[in-house]
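A.B. asks: This is the structure I want to talk about, given as structure tokens.
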Amino acid sequence: MNIEIKKSYDELSRFAALEIKKLIDEKPNCVLGLATGSTPIGLYKELVKLHKEGEIDFSKITTFNLDEYRGLDGDHNQSYRYFMDDNLFNHINIDKNNTFVPNGVAQDVDDECKKYEELMEEKGGVDIQVLGIGVNGHIGFNEPNKHLYMDTHIEDLTDETISSNLRFFSSREEMPTQAITMGIGSIMKAKRIILLISGKNKADIVAKLFSGKITTELPASILQIHNNCTVVLDEEAASLLNK
Ligand code: GLP
């Protein structure tokens, strides 16, 4: 893994946006893998800014999101479809027909997962996958467990993830307990991965991530064997790393 340590969250976001701009300059019809959560919001702001300045044309871009809450449809203001529209897609010239997020209310979940996986393949695979990380080391919604899944699948959220994401919902009853997520295999197939980690509350998991072990109990640790993965940290997230 290549490591980039940036002074601030703004610098981290700018760095990631410029990496994506570089890819789009080289390959205007590239496929982007996108993430949700608070971490990539700064990146999306930068991409919108670059687009408004005439620096990025998204008209030929295809996107695949990592995950979606089971039980929320795209109109729900905490669904990841809503998040993506609100933070990025509504502000750039992307064709929304080319933006894919798993359907959280699909009747046949297995079929939805299978089709999502096939569609990624059909579109030529993901060129850059943006990732955040959960405080428990999850990527997408691949939670720490004895085993991890290869392909897009349905995942039970851990209590830790539910507690951590509860802040976005008005009550625990409203918070979904499952999600559809790309699998570890789907993520690892991306040609390049950019993992963004910001803030003091991620410093512990960052220290564990760089302890030289790979374990399904820390799903992000598998990224160590990807041949083109860049981890971008701000100084707070990097604060417990040995220099
Ligand atoms: C959610 C998403 C992850 C994201 C994580 C961390 O659980 N499924 O993709 O990385 O939140 O979010 P944040 O960036 O808000 O810490």
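Heads up, the Cβ atoms here are built off N, Cα and C, so glycines get one too.
Automated prediction, rather than curation, is the source of TrEMBL annotations.
Straight out of TrEMBL:
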type	residues	note
ACT_SITE	Asp67	active site, proton acceptor
ACT_SITE	Asn136	active site, for ring-opening step
ACT_SITE	His138	active site, proton acceptor
ACT_SITE	Glu143	active site, for ring-opening step
DOMAIN	10-229	domain 'Glucosamine/galactosamine-6-phosphate isomerase'
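Thinking about packing and proximity, how do these listed features fit into the structure?
C.D. replies: Packing around Asp67 (active site, proton acceptor) is summarised by its Cβ count: 23 other Cβ atoms lie within 10 angstroms of its Cβ, all protein chains included.
Note: Asn136 (active site, for ring-opening step) has non-local neighbours Glu143, Pro144, Thr158, Glu160, Thr161, Ser164, Ile205, i.e. same-chain residues 6+ apart with C-beta under 8 A of its own C-beta.
Around the Cβ of His138 (active site, proton acceptor), a 10 Å sphere holds 25 further Cβ atoms from the protein chains shown.
Its own atom aside, the Cβ of Glu143 (active site, for ring-opening step) has 22 Cβ atoms within 10 angstroms in the protein chains shown.
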A.B. asks: Filter the active-site residues Asp67, Asn136, Glu143 down to those with CB closer than 6 A to an atom of ligand 1; keep them in sequence order.
C.D. replies: Asp67
A.B. asks: Per DSSP, Asp67 (active site, proton acceptor) is which: helix, strand or coil?
C.D. replies: strand
A.B. asks: What average pLDDT does the predicted model assign to the domain 'Glucosamine/galactosamine-6-phosphate isomerase' (10-229)?
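C.D. replies: A mean pLDDT of 97 is what the predicted model shows over the domain 'Glucosamine/galactosamine-6-phosphate isomerase' (10-229).
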A.B. asks: Roughly how many Å lie between the Cα atoms of Asp67 (active site, proton acceptor) and His138 (active site, proton acceptor), rounded to a whole value?
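C.D. replies: The separation of the Cα atoms works out to 12 Å.
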